[in-house]
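Heads up, the thing below is written out as C-alpha cells.
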Amino acid sequence: MREESWEDHDTIQLTAQRKYLAEVQALETLLTRELSVFLTEPGSKKTNIINRITGKTYALPSTELLRLYEHLEQCRKQGALMYFLERQGTYSGLMLDYDLKLNTNAAPPLEPPALSRLCHRIFVHIKNSSVLPEGSHKIHFFFTLKPEVVQGKYGFHVLIPGLKLAASTKKSIIGSLQHDATVQKILHEQGVANPESCLDPHSASVPSLLYGSSKLNHKPYQLKTGFELVFDSSDPDYIPIHQIKNIESYNLVSELSLTNEQGSLVRPVYCAADIAAEKEEEIPTEDHSLSILMLHDPEARYLHKILNLLPPEYYVEYPLWSNVVFALANTSANYRPLAEWFSQKCPEKWNTGGKEKLEQLWNDASRHTEKKITKRSIMYWAHKHAPQQYKEIVEQGYFSILAEYVYSYNGMLEHYMIAKVIYAMMGNKFVVDVDSNGKYVWFEFVLPGQPMNQGEIWKWRKEVNPDELHIYISENFSRVMDRITEHIKYHLSQPHETNILNYYKKLLKAFERSKSKIFNDSFKKGVIRQAEFLFRQRSFIQTLDTNPHLLGVGNGVLSIETIPAKLINHFHEHPIHQYTHICYVPFNPENPWTKLLLNALQDIIPELDARLWIMFYLSTAIFRGLKEALMLLWLGGGCNGKTFLMRLVAMVLGDHYASKLNISLLTSYRETAEKPNSAFMRLKGRGYGYFEETNKSEVLNTSRLKEMVNPGDVTARELNQKQESFQMTATMVAASNYNFIIDTTDHGTWRRLRHYRSKVKFCHNPDPNNSYEKKEDPRFIHEYIMDPNCQNAFFSILVYFWEKLQKEYNGQIKKVFCPTIESETEAYRKSQDTLHRFITERIVESPSAETVYNLSEVVTAYAEWYNANINVKRHIALELSQELENSVLEKYLQWSPNKTRILKGCRILHKFETLQPGESYIGVSTAGTLLNTPICEPKNKWWEWSPNPSAPPEKEASAPTP
C-alpha cells in the first residue's frame with residue numbers, strides 16, 4: 001500500500017475521526033454550541049485561543065479554558081489530530097524552541113541526566129533576568145520532542161508553564177541563553193551541529209501550540225519527561241531537582257499550558273519584570289491564513305505542492321515571479337496567502353520591498369485581465385522542470401479529494417463528488433460555457449498524441465459530448481478508487497480498537513458498492529451533468545479568438561503581433577478555437593513550391609507595383625482586427641488567374657477565417673431590420689471575404705457597400721437566431737468578368753474602392769508575340785490548389801508580405817505606392833461617376849486664381865458640360881449641390897460671409913482651354929494608355945522590392961522555375 005503523505009493523512013484523518021471518535025464529536029459540539037459566544041475578531045488583543053482548523057479565535061475565561069483543556073486531553077489520548085494554539089499574554093509561562101541540525105540522521109538521546117543539566121542552566125538565567133518572589137516555590141520543566149528526524153533536522157521544546165514572566169523578561173532570558181557555553185556544550189554532546197544558533201529568538205511571544213496539537217502537515221511533539229525544581233529564597237544556592245513521577249496521570253494539555261493558572265501539578269509563580277509592564281510590546285497573533293486555506297481548500301494544498309517544484313528562478317527573477325503571482329491572482333482571489341508564501345522563498349527580495357511589490361502586482365492582476373495567466377501555466381512550468389515529481393503530486397491530489405468524500409459520507413459517492421474529483425483531474429483540459437442558445441457547451445484543449453482533425457492541436461476544440469471524460473471516468477478514475485480501497489484495507493490491518501475496525505469494515509463495504517457505478521452509463525451521464533457546473537468558465541465563449549493577432553494554424557498558433565511572426569507550438573493560455581489546417585513554415589524563396597507560386601503571381605499580375613500592392617492587400621487577410629476601409633474590385637475577362645488566386649487565399653485561411661460571399665449581398669436591396677441575413681453573417685470574425693463571377697452590368701448597392709467596407713460595428717442575425725453586433729474585419733475582393741455599376745458620386749464611397757484590370761490571359765496556344773498571353777497549366781486549378789505543400793508555401797508568402805507591410809509601411813496599405821492601381825481606379829471612377837469626370841477634366845487647382853465661384857455656378861457649369869458631352873437631361877440644382885459637397889471638391893469648398901458655399905483656389909476650364917503655369921488637374925493623372933504601361937521589374941527578386949515613388953525599379957529576371 002502506498003502511504004499517503006502526512007499532509008494527506010491530516011486531512012483524511014480529520015474527516016474520519018469525526019465519524020468514529022465520540023471525543024472529537026463532543027469537542028466540536030462544545031466549540032460550535034457553547035464557546036461560540038466567546039469568539040473574537042482576528043487580531044483582537046483579547047484572543048487567548050486559536051483554532052487553526054477553522055481559523056476562529058476565542059477569548060475564553062478560565063472556567064471555559066478548563067473545559068476546553070479537558071476535551072482536548074480526551075481527544076489527545078485517543079490519538080485525534082488537533083490544531084489549537086494559545087496566545088501568550090502579558091504574563092505567561094516560558095517556552096524555549098530549539099531547532100536542531102544534527103551531525104547524523106539519528107535522533108539525539110536527550111536522556112534525563114542531560115536534560116536535568118539543561119534545567120539548571122536555564123534556571124540560572126531565569127534568576128539573573130527576573131525577580132523571583134520570596135519564599136519556597138516549585139518550578140516545573142517539561143521537555144517535548146519532535147517525533148522523528150527529517151533530513152538531518154530535529155527539535156525539542158522546553159516548557160516552564162508555571163513561571164509567569166513578562167515578554168521582555170523572556171527575551172532577556174533567551175538572549176542570554178543563546179550565548180551560554182555550558183548549554184552549547186550539552187547540546188554538542190548530544191550530536192547537535194548548530195548549538196550556537198538553534199534557540200529560536202521569537203519563541204518569547206509567538207502563539208504556542210497546546211500539548212497534543214501540531215502544525216498542519218506535522219506530527220505533534222511528544223512529552224519526553226518533566227522535572228520539578230525547588231527554589232527557596234532563604235537558601236538560593238540549594239536548588240534540588242527531581243524527575244516527575246506518574247506524569248501521564250495529569251491532564252497534560254492543562255498542565256503544559258503557558259497561560260493556565262489552575263493546574264493540579266503546576267502552580268503559578270509570578271515574577272517581577274525588569275522592564276515596566278507599560279513598556280511591553282504587543283504580543284502578536286500569528287498569521288495562519290495559509291494553513292487555514294490549505295486545510296479547507298484541496299486545490300490550494302495541491303497548488304502549494306506544485307509551486308514547490310518550481311526552480312529558484314521563479315521566485316528570484318522578477319518576470320518569472322510576476323507571472324506566478326498573476327497566475328495565482330487570476331485563478332482565485334483567495335490565493336493571496338500562497339503568493340505571499342511563494343514570494344518569501346527569496347528572503348532577500350521579500351525583505352527589500354517584496355511585500356509592497358506583491359501588493360501592487362496582485363492589484364494589477366485584478367485590473368489588467370488581458371494578461372490571463374492562470375494555474376494552468378503553473379502546472380505547465382512544474383511539469384516542465386520536474387515531470388516525475390509533478391506526476392506523483394498530481395496523483396496524490398486526486399486521492400486526497402476523493403478520500404475526503406469517502407470518509408465524510410461513509411463510502412457513499414454521488415454524481416457531484418465524482419465530478420469534483422474529475423474537475424481536479426481534468427480542470428486544466430476542459431472548459432464549459434453557456435452558448436447564445438442557453439446550452440452548456442464543452443471545450444477540450446487538444447494536446448499532442450490525441451485523436452484530432454488537422455489543425456486542432458494546441459487549441460480549444462468544441463465537443464458535442466465530452467467522450468474523453470466518459471472514457472476517463474471508467475478507465476483512469478477507477479485506479480484512483482483502487483487506491484482508496486488499499487487505504488481502507490491498510491487501516492483494517494492495523495491494531496485498532498474494535499469500534500474503529502468496525503467503522504472501516506462498513507466504510508469498505510459501502511465504498512465497494514460506489515465503485516461499480518463508474519461503469520454505469522446513466523451514472524456517468526449524471527457525473528457529466530454535475531461537472532458542467534464545476535467546469536463552467538463564464539464568458540469563455542466570448543473570449544475565444546478575440547485577439548486579432550493570433551491565428552490558429554495546423555501546427556499550433558501563429559502570433560503576428562511581433563515581427564517576425566512567432567509560432568506557438570507548445571502549451572499556452574490563449575483562448576483559440578478557430579484554425580486553418582495549413583501548417584506555418586517560415587517564408588523560403590528557395591522552396592520549390594514557393595518559387596512556383598512567386599512565378600505564378602508574376603504571370604497573373606504583370607505590373608510590379610500592382611502585384612506588390614495586391615499581395616500586401618491580401619496579406620491583411622491573416623489579421624482579423626479593424627483595417628483600412630478598402631475593397632478591391634478586380635476586372636478580368638476570364639482565364640487570367642484571378643479566381644485561382646482568390647480561391648487559394650480562401651483555401652489557405654480555411655472556413656474559420658475566410659468566406660466566399662454571395663454577390664447578391666452587394667447587389668440586392670438591404671433586408672429590413674427584423675429579417676435574417678445569413679450571407680452577411682458569413683463575415684463575422686472573418687479576415688477575408690471574396691465575390692466572384694457576376695452577371696453582366698451588376699449594380700452595386702452603395703449603402704451596403706459602405707457598411708461592409710467601413711470599419712466598425714454592424715448588426716445582423718442568422719435564421720432563427722438573435723440579432724448580433726460584430727465588427728467588420730474582412731479584407732474583401734470582388735471579381736467579375738464585367739465592370740460593376742456604381743451609381744454614386746459620393747467621394748466617401750469611391751475613396752474606399754480600388755480597381756484593377758487583368759491584362760494577362762492563359763491560353764492553350766499563346767501568341768509568342770503577345771507578352772500578355774501565357775501558357776496555361778491546368779495543374780494550378782486541379783492539383784496545386786489542393787496540394788498541402790502548395791497551400792503551406794502560399795501561406796508563408798502571405799505572412800512574408802504581412803511582415804513586410806508592417807516593417808516598411810507601418811501596416812498601412814494606403815502608404816504603398818502603386819501608380820497602376822491608382823490610375824486604373826481613377827479611370828474606372830470616371831467611367832461610372834460623371835460628376836467626378838467633369839471635376840477632373842474641367843476643374844483645376846489654381847492657387848493664384850482670383851475668381852471665386854458660387855456653388856450654383858459650378859452646378860450650372862456641370863449641367864452644361866453634361867448636356868453637351870453625355871446626354872441632355874433636366875438637372876436638380878439642390879441634388880447637384882449636395883453631390884458636389886460630397887465629391888473630391890469637398891476640401892476646396894468654403895463658407896462665404898453670407899453663409900453660402902463657394903469654390904476657392906480652383907478654376908473652371910472652358911472647352912479646349914489649357915492649364916496655366918502653376919495649375920494642376922484635380923485627381924490622379926491618367927496620361928497614357930494603361931495597356932501600354934511598361935512591365936518593369938527590379939533587378940532583385942520582385943518580392944523584395946519596396947514601392948517608392950522616388951526610386952523606379954530596374955529590369956529584373958523572373959524567379960527560376962522549380
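Cβ coordinates are placed from backbone N, Cα and C, and glycine is handled just like the others.
Features reported for this protein in Swiss-Prot:
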BINDING   G636, G637, G638, C639, N640, G641, K642, T643  ATP binding site
DOMAIN    607-775  domain 'SF3 helicase'
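In this view, the densest Cβ surroundings among the binding-site residues N640, T643 belong to N640, judged by other Cβ atoms lying within 10 Å. Other residues of the chain with a Cβ within 8 Å of the Cβ centroid of G636, G637, G638, C639, N640, G641, K642, T643, the ATP site, are N737, S758, K761, F762. On its own chain, G641 (ATP binding site) has A600, D603, I604, S758, V760, F762, F780 as residues at least 6 apart in sequence with a Cβ closer than 8 Å to its own Cβ. All chains included, 20 other C-beta atoms sit within 10 angstroms of the C-beta of G636 (ATP binding site).
In the structure as shown, the Cβ atom of G638 (ATP binding site) sits within 10 Å of 11 other Cβ atoms. Here the Cβ of G637 (ATP binding site) has 11 other Cβ atoms within 10 Å, regardless of which shown protein chain they belong to. On its own chain, K642 (ATP binding site) has I604, W634, G636, A735, S758 as residues at least 6 apart in sequence with a Cβ closer than 8 Å to its own Cβ. Neighbours of C639 (ATP binding site), defined as other CB atoms within 10 A of its CB across all chains, total 16. According to its DSSP assignment, K642 (ATP binding site) is helical. Confidence annotation: the domain 'SF3 helicase' (607-775) carries a mean pLDDT of 87 in the model. According to DSSP, G637 (ATP binding site) sits in a coil region rather than a helix or strand.
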